[in-house]
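Asker: Please see the structure below; I have some questions.
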Amino acid sequence: MTDSEICHRIYKQQSTSDCTPMPFMMGMLCSFLWFQYAILKPDMVVVTLNVIGFTLQTTFLFWFYLYTKPKGQLNVHIGALLLLIVSFHTWLFYGVADTDSAMRTAGYLAIVASIAFFASPLTLLARVLQTRSSQYLPLPLILSSFTVGVLWTLYGLLKQDTFITIPNVLASLITACQLILICIFPRKPLCDTQRLV
């Protein structure tokens, strides 16, 4: 629920000026792709959790949208995301020859999207090393991503599902590295103009 913290900050500031919609949009895309995979597999646990995840991410993105001014660029990003989602759905259910191939394709797409989502805080690595401060790394997001990665790894191992296991092992390792950076470099307070999401 780290996204709810972002929404709370947006509400307090009545602005999205220091935030980006990308965590919400990537969360929607990941949830959608895992939902597609689980429908094709089928795995009702993964279906249920990703319906919840998609609903939450959509709600957070709507909240972000309400406080964004001007909305032009955000409209383009949301339109591109929706086009991507519709394209993936259409391709998986109508363009792939059989259910097994569609399931594997959805699994591979979900793996790529999940790794990109979990690794996204690493884009701040240069700034962390330059300033020798981990303040730029979103600790609640990284900690929750680590926990989720470990739990999904265990689930994937129990179900003997490599599509679930592989990205979550990688997510656990990536977020563990981020947590190590937070331990190595002390968190120094930032002035308001330097805050990042």
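Using the three backbone atoms N, Cα and C, a Cβ is placed for every residue, glycine included.
When I checked TrEMBL for this same protein, it listed these features:
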| type | residues | note |
| --- | --- | --- |
| TRANSMEM | 21-39 | transmembrane segment |
| TRANSMEM | 45-67 | transmembrane segment |
| TRANSMEM | 74-94 | transmembrane segment |
| TRANSMEM | 106-129 | transmembrane segment |
| TRANSMEM | 136-158 | transmembrane segment |
| TRANSMEM | 164-185 | transmembrane segment |
Asker: To the transmembrane segment (136-158), which of 21-39, 45-67, 74-94, 106-129, 164-185 is linked by the most Cβ pairs under 8 Å?
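Answerer: The listed stretch sharing the most Cβ pairs with the transmembrane segment (136-158) is 164-185.
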Asker: Are the transmembrane segment (21-39) and the transmembrane segment (164-185) close, by which I mean at least 3 Cβ pairs under 8 Å that are 6+ residues apart in sequence?
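Answerer: When sequence-distant Cβ pairs are counted, the transmembrane segment (164-185) does not touch the transmembrane segment (21-39), since fewer than 3 lie under 8 Å.
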Asker: Are there residues at least six beyond either end of the transmembrane segment (106-129) with Cβ under 8 Å to its Cβ atoms? List them, or say none.
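Answerer: Hits for the transmembrane segment (106-129): 22-23, 26-27, 29-30, 33-34, 36-37, 40, 88, 92, 136-138, 141-142, 145, 149, 163, 166-168, 170-171, 174-175, 178, 181, 185, 196.
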